[in-house]
Amino acid sequence: MNAEVEKPPFVQDKVYALLRDEWVGPAPLNATLRELQTPPATTTLRVVPSLAPPLEEIFAFLREWTQHKFAIEVHPVIADVISLTQKAPDGLADTDADSVPASSGRHPVVLVDPHCGHAVLRGSHVYAKGVLASEPGLKVGSRVSVYAYVGPKQGDRKLLRGTYLHTTDGQQDANCADTLADADSGAADTADGAAVSEDFDSPAFRAFCGDGVLEMSPLSIYQSSCGLAIRMDDAIDFQTLPPYLFPQNLPSAVVAHVMGCQPGESVADLCAAPGGKTTHICSLMDNQGWVLAIDRSQKRVDELKGTVLRHQATIAECICADATTDKWTCSRGSCQDLQGKFDRVLIDAPCSATGLRPRLTFGEGDLHIDSLSQIQRRLIQRPRWACCAKTRRLIRVSEDCCR
């Protein structure tokens with residue numbers, strides 16, 4: 001039964017109504033949403049066999065890399081995936097202490113955007129681009145508590161980057177102009193210049209992500225869009241992984257196996273960036289054949305090319321194009337020339353991502369979801385595409401394009 005259970009926080013009414021009307025899952029909707037708002041205990045890494053050392057060496061590296069805090073094992077079904085599962089803490093004292101909210105006075109608060117919050121909950125550090133606001137008086141080396149901001153973001157109620165929060169003792173800093181006096185004009189433009197109002201400072205608009213140490217001054221953070229801002233306790237720094245290990249969620253790691261691509265085949269991967277599934281397909285094909293990887297954003301294609309290069313996926317050809325149209329060409333001809341020539345096609349279409357975990361907020365409106373369905377429909381209905389479609393959402397309206 002879905003009724004009589006309180007609606008989880010941070011779920012927009014329109015999206016919740018749509019989910020409630022369409023829900024057919026075996027578990028109650030509210031219980032499912034609450035689970036989605038918590039990070040999974042297990043992280044998965046995909047091994048690139050052509051680059052990897054013996055399994056014993058991989059396990060030895062991972063034990064050191066995780067500081068022996070994770071149980072490490074090969075996935076029982078998918079042989080090229082390694083699972084890292086957090087070990088239970090030795091005692092409850094540290095765990096309870098780490099959960100004390102900053103409002104108690106333990107640590108000053110830093111607010112980050114929801115996307116940054118999701119990454120932190122999956123084990124990432126905090127980078128400057130994701131920081132929205134902070135309490136005054138912070139310096140490099142300060143211990144801070146990181147919260148994801150999940151409050152209003154429209155109109156006059158938008159929380160501007162560079163805003164100051166109330167102090168932990170309840171006093172309000174009148175203006176941040178003194179601290180930003182020496183800032184470049186770019187930083188001054190992004191700073192709100194005043195303490196945040198009490199409604200933004202409310203716990204109702206925060207989701208606790210963890211504690212860490214400030215690595216950059218607030219001024220440097222708000223002047224910059226890059227750099228390590230907060231080094232989180234117990235973070236997993238995926239950027240330090242060797243090329244033979246690729247962080248990939250288990251559902252994504254399953255896709256290439258389900259497709260069953262064989263050496264020598266021609267495969268198209270639409271909406272291919274950032275390249276995890278593209279390179280996995282190349283790996284399973286032993287780099288024999290041809291994989292055409294398409295994405296319509298040049299910036300994302302550049303990221304795709306970087307992933308392909310790191311994984312030495314030599315059979316991948318990356319092009320910037322809109323796969324919903326016929327107006328693109330590659331090394332083997334035009335779209336019209338290639339219709340019906342691919343053995344397999346993967347469509348990882350844009351979707352609402354309501355099924356991602358953790359997912360702190362559910363804020364897409366009906367029109368946004370409908371527009372995604374239209375894009376999915378145009379991709380799948382291209383003439384003679386033989387496809388494996390993949391999405392990451394709970395809302396069934398975006399599946400109707402497949403019917």
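In case you wondered, yes, glycine gets a Cβ from its N, Cα and C as well.
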Among D286, D295, D337 - the residue TrEMBL places in the same S-adenosyl-L-methionine site as C271, A272, A273, P274, G275, G276, K277, D322, D348
D295
Around the Cβ of G275 (S-adenosyl-L-methionine binding site), other Cβ atoms found within 10 Å total 27
Counting only residues 6+ apart in the same chain, whose Cβ is under 8 Å from the Cβ of A273 (S-adenosyl-L-methionine binding site)?
D295, S297, R300, V301, E303, L304
On the Cα atoms of C271, A272, A273, P274, G275, G276, K277, D295, D322, D348, which are listed as binding S-adenosyl-L-methionine, what is the maximum pairwise distance in Å?
19
